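K.L.:
First, the structure itself, so that you have it in front of you.
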Amino acid sequence: MDDFAAYRNQSRQAEPPQRDARAGDSDFDSLFEDDNPGQIYTSAPKEAFKLGYFDVMCLVLNRMIGTGIFNSPQRVMQGTRSTGATLLLWLAGVVYCLSGVHVYIEYGLNVPRYTINGIEQSVPRSGGDLNYLQYVYRKPAYRKGTVLLSTCMFGFCFIALGNMAGNCINFATMVLSASGNDDPSSGAVRGIAIGIAILTCFIHTFSRRGGIFLNNMLAIIKVMMLLLIIVTAIVVGAGGLKNADGKPVTKEIENNTRPSSAFAESGGANGYAHAFLAIIFSFSGFEQPNYVMGEISRPRRKHPVAMLLGVGTAILLYMATNSLTLLQMVVVPSDDQIYDNVAQRFFELTLGSLNNSGTGKRIFHAFLAISSMGNIIVMTYTAARVKQEIAKEGIIPYAKFFAQDGDISLGRLLNWFKKRGMFSSLLSTRWLSPEDHMERTPVGAFVLHLASCFVLIFATWSMDPESSYTLLTSLSAYVINAFFGTFLGLGILILRFKGPPKTDKDEIQSPAAPPQTWRQMTGKHINPTLSVICAVIYIIGGLWPIVTIWIKPNEPDQRPGKPDEQRLTWWLVPTITWSVIGGSVFWFLGFIAFAMRRKHKRNEIFVVEKKPEFESADGPDDSDGRTGGYVLVHETVYLSWIAGEIHESKGSGTTGFQERPDAMSAAPVNRYAGTDFEAFYQEERVAAPTKAYYSDYRP
């Protein structure tokens, strides 16, 4: 008997009737409705509008090739004070990046796991680290599968620091510098930073496809920019570029490769920690596809291939422009690498030497503005999806508003024109058809993303733009990449040696069968030995800056004729980050205290019910017999405080949305009568043959 017959060759299901009945209402009705304030409905994009190979590659390239590749070389050289040590650190960054890619591919294809028709299997889902931390670290928790400590910690930290405030400030600074304003006021920088943050959120809200198209275009431009740098460095090395006086541009490779320069006295442990944090930030971005796994077409096939191609391309470009000495050693003197921006000095000494009008500096600032813009575009798109998933856990106030999808897209505007007979000929074309531009986006999550960005921009008002950028990017790299990355790597080791969490016996077809090991779950496509090695490297790479950044640095090296180094107080970054991490723990404890008080006074408990709907990822043209598994199509989430006696009286039987075949004919008893879950319970009984339930969120 085929347990998945109901899903084979299944066309995409329409949205539930209750949503269709409100199709004519304004979008604000769906965001602020009061009929069931605990109900959240989300849906994945249509198959034609999902991300393909090229889109996923551009997500990786546009995020990895950002301001880090231009700004990090100086920060790395300041930390190491040695070109040889710098190159070794960049090579270590490559190994760290590739290990992280393997960790995220392993998680992305195998977590989270659902029980569908009695068989446990993985279904890719947006949310990235949130899903993986919840799967491995299930305790402590408020209740089983509800409000976990890991959820609160990651959710609190990601909402606070998972944004592009640093890149917004950098974009503003570079735009003003490219226009000739080398000393902009703090108000001008913050004003432009806020403006670009609002613009990117509006673009992704108004047109999801437009935001993806812009992301792809900026990724292509960035690749061309780095290729220009590589070619220019090669021309300089060959003596083919002459300055305004007709003389070849000076080559520094002989000076920079001398043992006294390449392996000079290095900086202290704190300097190396800050240097590696800068490298981590430069290589961060490979995890972006995991944040939007639910929007990738046939993710089991396209996600790992596109992710590896994107990361491989970025690493090759990084090594060519930075680590393999084309940028640092051929053109820029080692002293300038410490005290000046390496990329800026490169343009000044190459293209800027063609005339004396400051062309090289302005070209560099224009390139950096484009890089910042690309980072802002891609991070706004992916981070909003993660914050939407965080809101669906019910751990923040106004969870419905921040988690609900809304439609204020271009398609609504075009449909408004069409109803009034305006632009009829244009709207009948394929490109401007309203139906092709009607998209639901996480409007509330964009508001949350924008608000957190505002807070960080205003919080650094008194700092100069360069220090603000350094601080904000270091905070993000320390918490999101290093701290939680360490726990993700540790999670792989836990799954390998301790085994995955056990599935409830009443949800599987053969309760007496031994539970699957993680090796059986991942299958033959994930090598166990390589998995362990990559996890260990990822843990070490994350722990190194976490620990050594607390070591007090040596006194800065002041050389004759060089200005004082602009650096942040050495303890500022770890103090702020651990304060944020501590705040996330107190957030969890505060929820527990609030829930206990409510239980004591009203005898109510907090319940999270999730009802996902799946369809086969394989299309009708898949004739090779391969299966792409299932993808999430719709999901309805119910958040509510219900009476404790109602919850306790439901018994110990099956509580999933899909009943066993031998129990489907039994007369159902509504255990949630008189609560927000009453309609939800009735709907699950009607739709049982085609719905599956995520067992991790059982009350």
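Quick reminder: no glycine exception, Cβ is built from N, Cα and C everywhere.
The region 'Disordered' annotation in TrEMBL covers 1-28. Annotation source TrEMBL lists transmembrane segment at 87-105, 147-176, 188-207, 219-241, 269-286, 307-331, 363-384, 443-463, 475-495, 529-551, 571-595.
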K.L.:
So which of 87-105, 188-207, 443-463, 529-551 is most in touch with the transmembrane segment (363-384), counting Cβ pairs under 8 Å?
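P.N.:
Most Cβ pairs under 8 Å with the transmembrane segment (363-384) come from 188-207.
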K.L.:
Counting only pairs 6 or more apart in sequence, are there at least 3 Cβ pairs under 8 Å between the transmembrane segment (147-176) and the transmembrane segment (443-463)?
P.N.:
yes
K.L.:
Using a Cβ cut-off under 8 Å, which residues of the same chain at least 6 positions beyond either end of the transmembrane segment (188-207) come close to it?
P.N.:
164-165, 168-169, 171-173, 175-176, 181, 214, 373, 376-377, 380-381, 384, 408-410, 437, 439, 441, 443, 446-447, 449-450, 453-454, 457-458, 461, 465
K.L.:
For the transmembrane segment (269-286), what are the same-chain contacts with Cβ under 8 Å, counting residues 6+ beyond its ends?
P.N.:
60, 62-64, 66, 68-69, 71-72, 75-81, 85-86, 89-90, 92-94, 96-97, 100-101, 104, 307, 310-311, 314, 318, 378, 473-474, 476-478, 480-482, 541, 544-545, 547-554, 570, 573
K.L.:
By Cβ distance under 8 Å, which residues at least 6 away from the ends of the transmembrane segment (475-495) in the same chain are close to it?
P.N.:
99-100, 103-104, 106-107, 129, 132-133, 135-137, 150, 154, 157-158, 161-162, 166, 277-278, 280-281, 284, 518, 531-532, 534-539, 541-543, 545-546, 549, 573-574, 576-577, 580-581
